[in-house]
Structure formats: structure tokens, C-alpha cells
Amino acid sequence: MALSFCGNDGNDSYNVDKGVLNNGCFVDALNLVPHVFLLFITFPILFIGWGSQSSKVQIHHNTWLHFPGHNMRWILTFTLLFVHVCEIAEGIVSNQTMKSPHLHLFMPAFIGFIAATTSVVYYHNIETANFPKLLLALFIYWVLAFITKTIKLWKFVESEKGPQHLRFCITAMLVILYGLLMAVEVNVIRVRKYVFFASPQKVKPPEDLQDLGVRFLQPFVNLLSKATYWWMNPLIMGAHKRPIELKKIGKLPIAMRALTNYLRLKDAYEEQRHVEDREKAPSIWKSMYRAFGRPILLSSTFRYLADLLGFAGPLCISGIVSNLEKRNETAVAAAATNVDNTTSSGVYFMESTELLENTPVLAVLLFLALVLQRTFLQASYYVTIETGINLRGALLAMIYNKILRLSTSNMSMGEMTLGQINNLVAIETNQLMWFLFLCPNLWAMPVQIIMGVILLYYLLRESALIGAAVIVLLAPIQYLIATKLADTQKSTLDYSTERLKKTTEILKGIKLLKLYAWENIFCDSVEDSRGKELTSLRTFAFYTSMSIFMNAAIPIAAVLATFVTHAYLNEERLSPSKAFASLALFHILVTPLFLLSTVVRFAVKALVSVQKLGEFLQSDEIGDDSWRNGDMSVSLESCKKPTGVTNRKRPRYQLDSYGYEQPSRRQPRPAETEDVAIKVSSGFFTWGNNLSTLSDINISIPTGQLTMIVGQVGCGKSSLLLAMLGEMQTNRGGVYWSKLPECEMFLEGITSGFETDSSLEDDRSKNRYSVAYAAQKSWLLNATVEENITFGSPFNKQRYKAVIDACSLQPDIDLLPFGDQTEIGERGINLSGGQRQRICVARALYQNTNIVFLDDPFSALDIHLSDHLMQEGILKFLQDDKRTVVLVTHKLQYLIHADWIIAMKDGSVLREGTLKDIQNNDVQLYEHWKTLMNRQDQELEKDTELESQTTLERKTLRRAFYSREAKNQVDDEDEEEEEEEDEDDNMSTTTSRRSKIPWKVCWRYLSSGGFFMVFMMVFSKLLKHSVMVAIDYWLAYWTSANRSNGSSFNSTSNFSTDSNFTTYSNFTEDGDSYNEHQSYYVWVFSILCGSGIVLCLITSLTVEFLGLSAATNLHHNLLNKIIHAPLRFFDVTPLGQILNRFSADTNIIDQHIPPTLESLTRSTLLCLSAIGVIAFVTPAFLIAMLPITVGFYFIQKYFRVASKDLQDLDDSTQLPLLCHFSETAEGLTTIRAFRHEARFKQRMLELTDTNNTAYLFLSAANRWLEVRTDYLGAWIVLAAAVAAILTTGTKSGLVGLGLTYALTVTNYLNWVVRNLADLEVQMAAVKKVNSFLSIESENYEGSMDVSQVPDDWPQQGEIKIQDLCVRYDPSLKPVLKHVSAYINPGQKVGICGRTGSGKSSLSLAFFNLVDVYHGKIVIDGIDICKLPLQTLRSRLSIILQDPVLFSGSIRFNLDPERTCTDDRLWEALEIAQLKNMVKALPGGLDGVVTEGGENFSVGQRQLFCLARAFVRKSSILIMDEATASIDMATENILQKVVMTAFADRTVVTIAHLVASILEAEQVLVFTTGILVECDSAANLLAQQDSIFSELVRTHK
């Protein structure tokens, strides 16, 4: 039949006798005009204008701009497109009923669809180019379209068509939409004045977009890009080529920055204060609602829309299936009624309800509903996540601000501990953020559940209520399991902390454990803790699997209950359409019910968090004393720049202009005399417990002089400094700071928070009210040494060098791997106390302030350094600068240098004046000081003999790095990966490497779980999913059989075409035979459901316990490998790296991998089984599946790589933020003394924003993925529906089955990718653990059997060293070269030499701890290299230089093997001079030793180590610089003890001080690994030119 626009049914098709507009076809043709006009106008502009422009220059995002009504226009255009689709569908369906094709019924609609699409593309391009004049074309289009559609509507009204006709409704909708779009266009003209006005308005893009650093574009892109996260494409796809770095994700838009949100929250918080009762604490909930309520409401709206659209799925399935059932009958009926609806215009008018009975239309509607539902859902998620992140940023800023104002007494009295503050930052803020993520569920879920139950009732009547009841009754069990899980997790955490503590101790003392052959005893102790942890983990695994089981089993139970009761209660037989619609509804219902328990739990946690936050925000703040903000307070805003002072540099910290409050300034008060810097008059100060710590203080600190504060320990010296700094609460009196000259006072306001211009005169830039303060307890930042010293001041090389020399820091800096650019602090390198203290003093000296407070700077320094610091630093550097110095000290020998002395006693001032005043007025005090000074002088003499403490500290530091030099500081774990694969690093290989799934590692993980468990998991999973398919298939079978028996014969014969249903074609229409089979169906269905539920339980248990078994084996192997690794391994591997394997990585393997693995296998199998079922029902579907699979492959490939990078960025930016908080809390007094609050706030805001940026990008990437997989899911549903419609003869039951499965795919596709990405990240932990499992262990066996070694070996203690060559590693140079020596039994031998000469290496060679590659050591006739290591090491004794004690009892430390009697232990303690001290301890031998032996002094610890060597009665004792940390007196006692208690044993002493081996019977002198001298000490001393004589001379 020929195609024609108006059709050729009759003669009146082109008839215009009644007027042109009365011919419907011509009216439709008229409607084409505006569309054609738009296409002709816009195409040239789009293709010529923008084509050439984009080729020349890439339009950067800073030109993006939204015209007024931007979102409204996009929404209206999308609605317009949807209405056009309906119009096309209506036209096509109507056309089918006509005798000849009428193109005018759908062709204008089709062209309209193209025009609407073009309009939005055109608009987008104009908007990005900010060229509004071209919008005129659109305005003309909307006007024309509005006019032509109105004419059409008017003609419909004339011919008495009304809302009951679909075409009338569609036309009316179009008129409204075109009218609204016209109004939007008029609004743009009104606002922008680009036409019809003389002066068009100039508009700039938003401030954020002018800053090229902002890369998070979600708020600025158009609506379509917002909904699909299209703007993320370059980032996610680019991640493939090179990893995403912090630089790439840029800065946050201003509206999302922590500062902006902090101000919003703070305003809301403070508002309540003014309105209500001043005393009452403002409500945080209210503040949160006021600051962030609007986006939450928006998100909830999106959520409701998504939930309502979610029900379109089941309803469309029901419609499609029932339409297919009726397909044959309706075809005939429809033809008969054709003619009734035609009218004068000669075309068919469809009823409004008729379209929904058309199957293809329903399929398209289902597709659109799914796409819309998913878009709304993801939009809802995104808005809540963004709001949650904004809230967290605001809360962090609020907490930080409070920390900076916390009263010192709160911290020191333990009311507010560091732990609590860290918890607030790390836990409570995150709890609130998560609550915000989930809170729309609180009100959306009940609505969803109620709607679902109503729809089920509509489909299945009473039996639906029974199914719903099953779900509702079982939901509380879910809640119970969830709470149990949380409890078990807590107990697991306690056990793992205990295990980690033990592991850390082992790793720190590994050298001692190996030398004493105790590694197995300690290994068992860790295994014991691990056993407890595993028991707890088992419970955890059980509850997790129960939770997974309930998730899977409840829907099966509900479906079983519903359909079985329906079979027995209802007379009406169940149709496939109802069965599968209700099945889909059950799937929808289950999700909210499970999530509800989680949401309720989070809500409870959020309530607790808010309570804790409220308490914290209400805690005491530092006092606002009169001198802090008196009437004359200088605030930053009111401070105008004084004339003549130029501040060329732009202030670096501009916090105050944003209103982030500046701490109030100290108020200068006029003092009596100008030469007094600080005056305290009748001051009574307290730490907040109403008892005055300091009472009746009247002192003056002279300007530009050195004031010393002295007194006994605990008399209030440090408190006095803090009182002057305003850290204590003032009960009476006050502190007055002298007034500055006017100009300087102004300057103080400028410089306090900012960097000063170095060109200002020197004395002016000394910022008087900022006090350089070095606290008694040293406090370092996590930063480089240089940053710690400059502390935010401008860098001045000359000054910096002078300070470093004054504090003798240069030798220490030289030892650090990167000099003064080395990171120190909590996460950096551990420095000793003295080194830390000197850096703090250097910080105080470097600051350009008038006043310097030094609180006991000499406490951790030895005498040489103290002298140097006093002379160079304090007397020279500070005094030359005429700075006012207040020094608290115990070193009375420095009093002679003091210009002014304040002597304190019991919290009050005893005397004040110069040394001469005190000598004249208080002779008794002066004499007391003199005796103390003499005592200190004697100590000084003794100190010079000893190797100074500093040298020891430097030695320790050198050792820490010496061992790593061999590895060239390569402790980067990823290095191993590089070596495993090819070295060629071109683009393609890195790309493929980054996108590869680590199958090898996955297999290693699974095989550690045991092959039986892996087989069980795979088998039960496959079986379970087969049964699940069988259940639904049986339902299709059953319901289709119902139809075949219940309806007329033609449908029965129809069914016999499918082999699966042939058995039922023999049934008669007699109802009885159906009832006989009813119970048969029910029974099979019940058995299948029952077995499905059982299999759900088995699979959930097997996965969890497979994970547990893998975790057990991996940890066990790791511990054994590490403990038995050679000592060299611990030298080259940083301790932190090994500990990470036992902490973070073990935790991931224990708790995170099993659930991810379970979720991944479940969602993958669900998707595969669904696709299999659809392909089985309609094989044509496989054709459509091909492009979908390709799309899915690329989406997951790109996403996994980007997700991993963003996850790493999120993790790596979180740690500095948490550290900054704890660091600030620790150094509060220092920060406030320096007046650096603004700088620290700025830093906190930067760190928060960086972390929030990473987190936002990560969540946007998740949305990017979910939107795409959801759209793919929608295409799968559409393909399945279209395939079912096109395939004739498919049973309606099977179609229902296929479509229900297609719907589930949408839910699970994105989980496949997300879980895959998570698993990939988590498998990195397995990979790291595995890399340690390949270490070679020490050879514990030896070539001799234990039975061949005499029990009392070594009896004599005779040692022969024959041509011995030793190295630490086959790849390193030898440390001992061809050494030969003979030591007689019972001889006392001394070994000496300069640092690095190989002394200690020899001591390790005795224990076979180093690689002896040539020669041998023979002890009592046995070559030690042939002995089993355990035997060798357990028969010798050694005392190391570094004393190592383990937590436990004294008995455990002396004899962990429990083989000795108490008498023997007491005897050993007596020899070591410890008996009386131990007796005095509670518990005696069972007295407690804390971690690292911290409850004993270093000297006492060393004595314990001696006692430990005496307990093991070996005939050979090796002392490796064992007396290094003991004072002279104790050392002398020791030497005597060794000579008497070990008179008959061989003692080898490795000496750091030659004086300790002058009595030795034989001395071995080493130089660079070669034995150069060997004789008795006396003989060697007699030779003037011997190296030994030289060593003795230089050391004395």
C-alpha cells in the first residue's frame, strides 16, 4: 500500500471544503512548520559556528554560565520529549487501526521530538559560550509551536473531543509545555536584557569557575551532566593512562569548603543562644537542620519520586504478561470496534486507557520509568552524601575552634583527654555524616513498605498480607543480629589490640629473642592471643553469615507463604501476570526492611554522638581576663595600617576576613616603669579546682634582661610561666604586660596572624604579644626539622644557621637521611628526648619576639650541650638581641649569669632580686645554693669521663639509619610489584597492569582457605542459584498450567507447542483434575523453597568460614616467617612496615574480604542466572546482550582503576587531618603562647578540604558507575521485553519469569563492579602479606643432631677463631676479614676499636646471627656453624648495649622458660645489685614490668639484663657495650661482680670505653674488620705506638 501523508482511505483525505483548518491532516502539517523552522535555523549555527570554534580553542569550564531558569528549561524539555514519545506511540497505534497508513498521525510528533532535542543541544552551546543573542531563534520557535498547537487543540474542542481521548490530553500537555518554555525564554530576556533593551546586562561566570584550580564541577554543569555525571568522564577515563593525584582533583567550590559550612553551622548554633535562655546549651540537631535542612528535603523528594517510580516495574510486568495472555482474543475484538471512534476528520481517536493495553508501549514505559527511577535515586544519594560531607567539614572546624579555646586545666585535670578529642574527630563526626547519608531512608522506607503492601493486597488479596507479615516478623531478628555483630566487633578489637601489643614487643626485642633462643616462647604467646581473637572472629563470622542468610531466605519464605496460602484460600486461580508482579514487589519490599535495621542503628549512634559533641562544645574555655580583651582591645578589623609602615606582602592567612574568629588579643596595660616587661601583682592562680596553685605572686620581669626562676621540683615554676601566658584561671590579682609605642601596637594587630614584611625595622617586627615559648615537655609538629624550627616565620638563612649552632643541632641533622628536610614527629622519625628538646628551644630562639619563655630547657640535655646552649643560645644570641628572657631551671651553676632571680617555694615567691641582693639579704638560701652547686660540679666531672648522653643518642640515631642505607631508603612496598612484572614502562603496559584483576593473589587467598572449603563454596553457590531459578521456573510452570486448564481449549492447544508444557495439554477443562494437581504444584514449590532456604544458610556459612580459615593460615604463616627471619631482614625492613602487615592488612583479611567475596559471588551469579533465564525464554535477547556486554566491560574497566586511585587519595588525606587535631591538642599552650591560632586553623581548613575533595570525587565516581550500570540494566529490561513481544508463541508465564529476572539485574549490576573494585583494593593486603611469606628463614636445623651435643656443652669455655670472614648479607662487603684468635677457658678478654671496626659483628658471629662464609669458630671442640641454632644460642649468654624488657612480671623477664628456682633468681638479682629494690616492689618476683620496662630507669633496666645473663649459667658470657647506660659507681660494682661471679668463666667484653678493659688478660684491637693487635692489656700499653695505647690516651 502506497505511503501518503494524509492516507488514502477515502476521498475526503485532502478535502478542504469546510475550511483548511477543519482538515485534521492540514492542521497536523501546520504543526510541522515551527519544527522545520528551528532545524533549518539551528543546524547551520551549530555545525558551522561551533564546529570551527571547538577546533580552534577548547572552551574552558570557566566560561560556563547558567542563564536564568536553566534547570526549569531542562526539566520542561525532558517532559516535552516524554510527551512527544507518547504522541508518537499514540500515532503509531492509531495508524495500525486505519485502512491505509496516515503519516500525519505520528510524523509531526517525530520531527517535534528531533526539534526538542536540537533545542536543548543548541541552548547548551549558547550557554557555554555566553552568547545569549542567539536565544532569539528559540524564542520564535516556542511562540510558533505554541500557536500551532493551540489551533490544533481548539479544533479538537470544536469537534467535541475531550479528556477521554488520549490525543486531546497529549495536545493539551504540549500547549502547556510550549507556553511554559516561552515564559522561561521571556524571563531570560527580562533578566539578561540581551534584546529589546538598550544596555544588555554583563554577567561573569561564578567565582569558582574563574579559579582554574576548582575541578569539582557538579554544581556548575547542566542538568543532564549533573544527572549522569558526564563531567566525570575525562577524570575516570584518564585514570587509565596515569594515576589520579591530588593535583588532578583540585580544590573544592567555595560553597562546599569547610569554612563556608562552618560559618553556616556556627550562625545557626549561635542564633539559638541569643533567642533562648543564655544558660541553656544550643541544640546541635536544630543547628544542623537550620544549616543543612534544605538539601536533605530535596534529597527526600528525589527519594520519594524514585520509590514511587520503582513500583512501575512490577505493574508494567503485570500489564505486559496479561496483555500477552490476551493477545489472540484482543486482536479480533479490536478490529470490530475500529469504526466507532473515527470522526469527521477521518482518523481513529484512541481512548485514554487504551494505550496502556498496548504491549510495546508498556515496554517503552517500563524502560523510561526505570531510567527515571534510577536517575532520581542516584540524585538523592548524591545530595545526601554532599550534605553529609559538608556537615562533617563544618563540625570538624567547630571542634577545632573549640580545641584552640579549651582551658588548660581541662586537659591537665583529665576532664578532656586526647583520646576523647581524637574520638570526636575520627568517630563521632563520621557517625553523624553516615547518619545524614542514611536519614532520607527513615521517612522514605515506611512509605515504600506501605505502598508495596497495598499493591500486593490489590494483586493477591489476603494471602499477600501473610507474606508481608512473614517479612515484618522476621525483620526484628535482623536488628538483633546487627546489634550482636556490633558487640562482637568490639570484643574482636580488644583481642587484636592485645595481639598487636605483643607482636610489637617481639619485633622491638627481636635481637634479644634470637640471641637467647626465646622466639618460640614469645611466638606461642602471640598465637595464644590470636586464638582468642579467632574465637571472637568465629562468632563474628557466624553472625555475618546469619545476616546474609536472613537477607536471602526471608524473600523465599515470604513468597512461599503467600503463594501456598493463595492456592488454598482463593477460588480464583493464580495468573502469571499477578504471580510475577507480586514476585517483583517482594523483591522491592525486602530491601527497605533490611536497611531499616541499619538505619535505626545509625540513628541511635547519631544521638549518642550529638550528646558527646554537645558536652564537648559546652566545656570550659580559657579565661577572658582583663588584659586579654579590655576596653582598648585591638581587633584585626579595626586596625588600620599606620602611615609610614608598608606591608608589601599580601597576608597569607585571610581567615579573619571570612569571619573565622581570631582569639582576643592580650591587652597592653601601662606599667609603672617602662623597663618592666611583665608584672604580676597579688596574683592568685588555680588549675580549676578552687585551690590556689600559685598564691600571692608579686613579681616584675625586667625588659631585655635574663630572669631565672629556680626552686625545687613541684614548687610551681612552670605554672608561673603558664599563669603569665594566661593559661591558668585567675582567682585574684592580674598579669600586666607593658604598653608598646602607639605604632607598634597597631603593627601587633597586623602581624600576629600573618607573615610580616622582612623589610620592616627590626625592633618593630618583634611581635611583643607573641611569646616564644619552649615547654618542658617537648612538642614537635609532623613536619620537617626546618618547619619545626621556623614555625611559620619567614626563612632567614643566617638566623637559622645561628640558631642551629647555638642548639648544637648540626651533628644530629647530618645524621638524618634528608638533613633538615627529614620529616619528624608522630609519623616521622623518632628522635630522642634531648634531640626533641633542642629543636623546641631552637624554635623559641628563631622566633622574632620580644619575650622568650624557656621552661627547663636543660632537663634532657647533658652537661656539654647545656653549657653550649647557655653560652651561645641564651647569653649570646638572645641577650645580644636585647630580648626579655625568662628561664626556668634546676642548674644553679647558671645563676651567676642571671640579671634577675625569682626563687620559688610551695607555690609562692620566696625571694626576688639579683644574685648579689640574695647573697646580702638571705645568706641561708645562698649557702644552700652553694652546696647544691658544688654537688652539680662533681657530677659534671664524672659526666665528662663517661661517654656523653648525646653521643649515645646520636649513636642510636646512626644505627637506625645505618641499617637502612643498605636498602637505599627503599621501603616502598610497591617496589616489589615493579620487579615481578616487566620493566618496560610504556603507556600500554602500565594501563593494562592497572586494569588487570589480581587473579593470582585471589587464588593464593582462596587456597590458603583450604581446597575443601573452596569446593564447598563453589558447589553450594551454584546449587543455591540453580534452586532459586528452579523455584521461579516452577512458579511460571504452575501459573501457566492454571491458565491452560482454566481457559478455553484454543489456549490449551497453544501451550502444547512448548515441549516443557506438553504434559499439560492432555488435561481436560474439568476443574477437578486441576485441583488434584494443585497440591502437586504446591508440594514441589514448597520443597524447592525449603531446599533454597537451607542452601542459603550453607552458602553464607561456607563463604564466611572459608575467609576465616584463610585468615587463620595467613596470619600463622606470616608470624612464623617473620619470627624466624634472619636478623638482617629486621635491619633493612622498617618496623612500621612489618607492623602494618599484622595490623591493617590482617584486619582487612580477617573482617573485610569475606563479606566482599560473598557479595561479589552472589551478585555475579544472580546477574548470570538472570541473563541465562532471559536467553532461555527468548533467545533473540542474546543479540541485544552483545553491545550491552561490551559497554559493561568498559565501564567496569575504567571505574575500577579510578576508584582505586580515589580510595587511596581518601585514605592518604585522612591521616594528616587526624594527626593535625591530636598535634594541636598536645601543643595547645605553645600555639597560644606564640599566637599562631590563625595559622593552625588555616592549616586545618586546608587539610579538611583536601580530604573532603577526595571523598566527594570518590562518591561522585560511585554515582557515575551506578548511573551507567543502572541504564544498562534498563536496556536489558527493554531488550528482554521487546524480545518477548517479538517472539510469538512464548508462554506468558515464562515471559513474566524473564522480565522479573531482568528487573533484578538492574539492582545487582553495579554491585558486581563495586565489589570487584573493593576486592581488588582488599587483595592488596593479601599481596603484601604474601610478599613477606617468601622470606628465607634462618637455618635452624644445623648439620649436627642435638643428641650429639653434650648436655653440659660448653663446659670449659675455650674459644678458637680460625680465619673467620663475616658479612651481613651475600650482597654486602665483609665486616670481619680473616680473623684468627685463641681464648683460653676462663679468660677475661676485651675487644676494642673505633666505631664501625667490627667489634659488635664478632659478638653476633658467636651466635651465628651473621653470614660466616669462610673460616669457623670452635667452642669446646665443636664448630658452632654445624650446631642447631636453638642449641647454640640457648647455651651462651650475652648482655646487649640496649636494655630490653618485656611487659609481664620480673620473673618472666629473667626466665621466660620457667626452668629456674626462685633461689636462683634471687641470687642473680643479688649479684646485679637489685635484690633490695625488687623485694620492696609489691609482688616481689611477680612485680609488674610495663611495656618496654618504662617503670624502671635505664640503669635499672640494664642491671636486669645482667641478672638475666647470670640466671643462664653459661661458661661463656659476652658483654656488648653493656655498661654504656650505667653511671660510674654502678659500673665499678659491676666490674667487680663480673670478676668474682664469673671468675671461672670466659668473659668477652666489647668495650666502648677502653678504661673498662684495662684489667683484661687479653685484648683484641680491631680496625675496619681486621684484627690488628692481640696481647694482654699491660703489654699493649707498654708499647707507645700501639693503637690500644692511642685509644687509651684519647678516651681519657
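Quick reminder: no glycine exception, Cβ is built from N, Cα and C everywhere.
Feature annotation from TrEMBL assigns transmembrane segment to 72-93 (among others). Remote same-chain partners of the transmembrane segment (72-93), defined as residues 6 or more beyond its termini with a Cβ less than 8 Å from a stretch Cβ, comprise 105-107, 109-110, 112-113, 116-117, 119-120, 123, 166-167, 170, 173-174, 177-178, 180-181, 184, 222-224, 350, 354-355, 358, 360-361, 364, 368.
For 105-123 (among others), the entry in TrEMBL reads transmembrane segment. Within its own chain, the transmembrane segment (105-123) has Cβ neighbours under 8 Å at 5, 28-29, 31-32, 34-36, 38-39, 42-43, 45-46, 73-74, 77, 80-81, 84-85, 87-88, 90-92, 94-95, 98, 134-135, 137-138, 141, 145, 224, 347, counting only residues six or more beyond its boundaries.
Feature annotation from TrEMBL assigns transmembrane segment to 135-153 (among others). Within its own chain, the transmembrane segment (135-153) has Cβ neighbours under 8 Å at 21, 27-28, 30-31, 33-35, 37-38, 41-42, 45, 67, 112, 115, 119, 122-123, 126, 168, 171-172, 174-175, 178-179, 181-182, 185-186, 188-189, 194-195, counting only residues six or more beyond its boundaries.
Here TrEMBL flags 165-184 (among others) as transmembrane segment.
Marked as domain 'ABC transmembrane type-1' by TrEMBL: 305-605 (among others).
According to TrEMBL, the feature transmembrane segment maps to 432-458 (among others).
The transmembrane segment feature in TrEMBL is assigned to 464-482 (among others). Only residues 6 or more beyond the boundaries of the transmembrane segment (464-482), in the same chain, are considered here, and those with a CB under 8 A from a CB of the stretch are 452-453, 456-457, 543, 546-547, 550-551, 554-555, 557-559, 561-562, 565, 582, 586, 589-590, 593-594, 596-598, 600-601.
The transmembrane segment feature in TrEMBL is assigned to 540-564 (among others).
Feature annotation from TrEMBL assigns transmembrane segment to 584-604 (among others). Here the transmembrane segment (584-604) has Cβ contacts under 8 Å with residues 310-311, 313-314, 317, 431, 434-435, 438-439, 441-442, 444-445, 448-449, 452-453, 455-456, 459, 467-468, 471-472, 475, 478-479, 482-483, 486, 550-551, 554-555, 558-559, 562, 1300, 1303-1304, 1307 of the same chain, all six or more residues outside its ends.
Annotated domain 'ABC transporter' per TrEMBL: 678-931 (among others), in sequence order.
Positions annotated as region 'Disordered' by TrEMBL: 966-991.
Among the features that TrEMBL reports, compositional bias 'Acidic residues' is placed at 971-986.
Among the features that TrEMBL reports, transmembrane segment is placed at 1001-1019 (among others).
Per TrEMBL, domain 'ABC transmembrane type-1' is recorded for 1027-1320 (among others).
The annotation transmembrane segment is assigned in TrEMBL to 1080-1103 (among others). Listed by sequence, the residues of this chain that lie at least six past the ends of the transmembrane segment (1080-1103) yet keep a Cβ under 8 A from its Cβ atoms are 542, 544-546, 548-549, 552-553, 556-557, 559-560, 563-564, 567-568, 1013, 1016-1017, 1020-1021, 1023-1024, 1027-1028, 1030-1031, 1034-1035, 1037-1038, 1041, 1154, 1157-1158, 1161.
The transmembrane segment annotation in TrEMBL covers 1165-1195 (among others).
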Distant-in-sequence neighbours of the transmembrane segment (1271-1288), which means Cβ under 8 A and at least six residues beyond its ends: 313, 320, 324, 359-360, 362-364, 366-367, 370-371, 374, 1171, 1174, 1177-1178, 1180-1181, 1184-1185, 1188, 1191-1192, 1195, 1295, 1298-1299, 1301-1303, 1305-1307, 1309
Which of 305-605, 678-931, 1027-1320 contacts the domain 'ABC transporter' (1359-1593) most, counting Cβ pairs under 8 Å: 305-605
Same-chain residues near the transmembrane segment (1165-1195), Cβ under 8 Å, at least 6 residues beyond its ends: 1021-1022, 1025-1026, 1028-1029, 1032-1033, 1265, 1268-1269, 1272, 1275-1276, 1279-1280, 1282-1284, 1286-1287, 1290, 1294-1295, 1297-1298, 1301-1302, 1304-1305, 1308-1309, 1312-1313
